[in-house]
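Before any comments, here is the structure.
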Amino acid sequence: MNESIVISLGGSVISGDPIDADYMKSFARILEASKYRRVGIVTGGGRTARSYISVLRKLNVNENVLDEIGIYATRMNALSMASLIPGSNPTIPFTVEDAVNLMNTYRFVVMGGTEPGHTTDTVAALLCERSATRTLINVTSVDGVYDMDPHRFANAKRFDRIGYREAIALSTKSSAGAGPNVFMDITALTIAMRSRIRVIVTSRDIDNLEKILKGDRAVSTFIDDDQRS
């Protein structure tokens, strides 16, 4: 059994309208069957977070408060996910350090956001760094990293593998602010680069994700030091 892996589970993947209960159950199933001894899962806020943030921003609520609201949404998703995974933590940790300590007790540790200004992708990267985990799977709304937004441009090219700096450059083009919708934020990518954490960006497709967990070839983008594309 391999040592450990961290998964950043985008909130939009599980917290849509309605909440995708079947996906959550399937996700729990493939985790249980995986070869990893320790699995950290960081959940995003999804539609719940975006809905509140969108409305309250129009009412001129400041960005720090909007971030706090987003964090509560991520923690609700985390507790929901943890309740479906046997052998996971019964309470949701508030900090990365708390999550790392829980990884010494539980095979599966699920958490949400931690503090304003940090996306859950950043939290996942910090969890990798703090727990000496070498691979981060980012499950998001696209099946990899593209040179353009694949939802807007039919001719967008998906990279099989790119380097950290190229990924950071592509992420820089995306919008900032609470609740951004990008393949991975700059801070998370910078943490991955400094600690040489391999990032695998992929979609919510459960069969595809299962292949990745098994180490099989799957639709995704690897972000690491290898500059081949």
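Yeah, the Cβs are placed from backbone N, Cα and C, and that goes for glycine too.
Positions annotated as ATP binding site by Swiss-Prot: Gly11, Ser12, Gly46, Arg50, Thr140, Tyr146, Asp149. Per Swiss-Prot, UMP binding site is recorded for Gly45, Asp67, Thr114, Glu115, Pro116, Gly117, His118, Thr119, Thr120, and the stated evidence type is sequence analysis.
Structure with Swiss-Prot features highlighted.
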residue : record           : DSSP class
Gly11   : ATP binding site : helix
Gly45   : UMP binding site : coil
Arg50   : ATP binding site : helix
Thr114  : UMP binding site : coil
Thr120  : UMP binding site : helix
Tyr146  : ATP binding site : strand
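Taking every protein chain shown into account, Ser12, Thr140 are the binding-site residues, and of these the Cβ with the most other Cβ atoms within 10 Å belongs to Thr140.
Here Thr114 (UMP binding site) is positioned 19 angstrom away from Thr140 (ATP binding site), judged by their C-alpha atoms. Taking only the Cα positions, the spacing between Gly11 (ATP binding site) and Thr114 (UMP binding site) is 15 angstrom. For the recorded UMP site, residues Gly45, Asp67, Thr114, Glu115, Pro116, Gly117, His118, Thr119, Thr120 set the reference point as the centre of their Cβ atoms, and the other residues of that chain within 8 Å of it by Cβ are Gly70, Ile71, Thr74, Gly113, Thr122, Val123.
A straight line from the CA of Gly45 (UMP binding site) to the CA of Ser12 (ATP binding site) spans 7 Å.
Candidate binding-site residues: Gly46, Asp149. Fewest other C-beta atoms within 10 angstroms, Asp149.
In this structure, the CA atom of Thr120 (UMP binding site) is 11 Å away from the CA atom of Gly46 (ATP binding site). Once Cβ contacts within 10 Å are tallied over all protein chains shown, the binding-site residues Gly11, Gly45 are led by Gly45.
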